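K.L.:
Can you read through this structure? Questions will come right after.
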Amino acid sequence: MGILNSISTPADLKALNDEDLDALAKEIRTFLVDKVAATGGHLGPNLGVVELTIGLHRVFDSPQDPIIFDTSHQSYVHKILTGRAKDFDSLRQKDGLSGYTCRAESEHDWTESSHASAALSYADGLSKAKQLDGDTTHSVVAVVGDGALTGGMCWEALNNIAAGKDRKVVVVVNDNGRSYSPTIGGFAENLAGLRMQPFYDRFMEKGKTSLKSMGWVGERTFEALHAFKEGVKSTVIPTEMFPELGMKYVGPVDGHNQKAVDNALKYAHDYDGPIIVHMVTEKGRGYAPAEQDLDELMHSTGVIDPLTGAPKSASKPGWTSVFSDELVKIGAQNENVVAITAAMAGPTGLSKFEANFPNRFFDVGIAEQHAVTSAAGLALGGKHPVVAIYSTFLNRAFDQLLMDVGMLNQPVTLVLDRSGVTGSDGASHNGVWDMALTSIVPGVQVAAPRDEDSLRELLNEAISIDDGPTVVRFPKGDLPTPIVAIDTLEDGVDVLAYEDATEDDAPSVLIVAVGERATVALEVASRITQHGVNVTVVDPRWIVPIPQSLVALSDDHDLVITIEDGVIHGGVGSLLSDALNASEVDTPRRQIAVPQKYLDHASRSEVFADYGLDADGIETTVVGWLDSLFGE
């Protein structure tokens, strides 16, 4: 790591010669494999942007020239080159480096949300601010790729960027061959129009030999132009779209040829106006296990053996795999069930449904808003759509859920993976807002399974509902030990435990456990009986609307405690409190929930412990309440 060790700021890159730059790129790839193998993280995307990121920091003057990485999971090389290489052993660990750009870490990091398709809007606003300040010298650079251009927000931003003819905005499209689906949206239509033009055949015939002589970039470009009609993924962007927007276009550029990268970026740096630079890169570049992973190119990994790329520990069946299996069973029985993903078929468990029912599966790209309204259209046509997305990405589609699905009472089922605390991916990946958001949609019904069996049951129940939207939410991670109910009330509420104290006149506590929080609720219940209280633990299963039996049970107890993994305002505790007020039930109630703040990255167990949401923390809190309410 001789050259890498000499790099502490971007300025150190500017004096390197060609030989040094090639060596540095190799050192960075070795460094990435070694470090990410030990912590887990986004390996493939970062291996693909080594030369590109070196070029960005050689040509532009960060942070005076802001460099914004869309999604920012591909910002590891940027972190390395801006003085943070020494901290990579702590990547995605508590109190360590974030897996995304982070304003608290460095002045070179301008943003930190890991939601896609936002970088161009940030760049548009930053460039306007510079213009208002009279700064006509510095550029604003936005690096966008990995499918982000399938998000509508990018095109809204491009429309505005293009209108600023004298604003120096550099849009770097990192095209790694995995980003664009020709069967979706205007890309395919645009090239189809190009193909119909008289010059197209002449161009392709004359260009075939010269393109293929350009090496892998030329071959991929030629093949991609023909691939659209066949529905194959392509690396080429319909380049005539950008001049029509009023933007200069440069490319395609070999994103692994440092000299070519630098030259293209220098041209963009000197250009007085908005410009697109199209870089063709290879995700997973230089690491054989990633290059051989044809499905994902090691987009994201856990802890792995750096030599083989194999996981250090075997993964256990999780919530997503149970959902995946059950949805296929349901799909086999009901041909009206269809599935929708926003560019995440594998991570959300829909790949198996796609394999079994390809005509009933729809990948809409990174477009959650469109996904939900398209689902409403499918429902209007007599289908029952299941939209599987990460909970955090529901935030973008809330208006569509509220107005396009909810107001029309359409039977759309949203399956929210990674609900609650997600941990190491940090603040913007936590799914702690979904209960507060969905609960305000009139007519929506929300379910929170506690284990594998209840997930299967609730998914079937949700899809059987045909008079309005349903939501099934479950967390990240391994499945808990199954919990068998000892009783089920009329409206489906499961009673999980009755824990009696030794005293005959002991106060009674009702614990309402939401979803997989049932496991910790049972542990807490067994502990607090030692403090002289009787405890009943229930799992509502359907948490929105509040089951009426919870109101009756609350009236029969001396204290009601809700335990959930969403934010404290607007969650089940708030909803139950409202229901008790409406029924004039004055039983004291308390909430155990996620605080109303953005959570730092750490493991799920560390986050729960930090905020008093593990068994020890909850016990301490509850005992304090008991002493306050019932102590002598």
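Note: Cβ is positioned from N, Cα and C throughout, glycine not excepted.
Fair warning: this is a prediction, and the values are worked out from it, not measured in the lab.
As listed in Swiss-Prot for this protein:
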BINDING   H73, S114, H115, A116, G147, A148, N176, Y287, E368  thiamine diphosphate binding site
BINDING   D146, N176  Mg(2+) binding site
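Relative to the rest of the structure, where do these features sit?
P.N.:
Counting only residues at least six positions away in the same chain, the Cβ atoms of A342, I389, F393, L394, R396, A397, Q400 sit under 8 Å from the Cβ of E368 (thiamine diphosphate binding site).
Under DSSP, D146 (Mg(2+) binding site) is assigned to coil, being neither helix nor strand in the three-state scheme.
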K.L.:
Of the binding-site residues H73, H115, N176, which sits closest to D146 (Mg(2+) binding site) by Cα distance?
P.N.:
N176
K.L.:
What is the maximum Cα to Cα distance, in Å and rounded to a whole number, among the residues H73, S114, H115, A116, G147, A148, N176, Y287, E368 annotated as binding thiamine diphosphate?
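P.N.:
Overall maximum Cα spacing for these binding residues reaches 32 Å.
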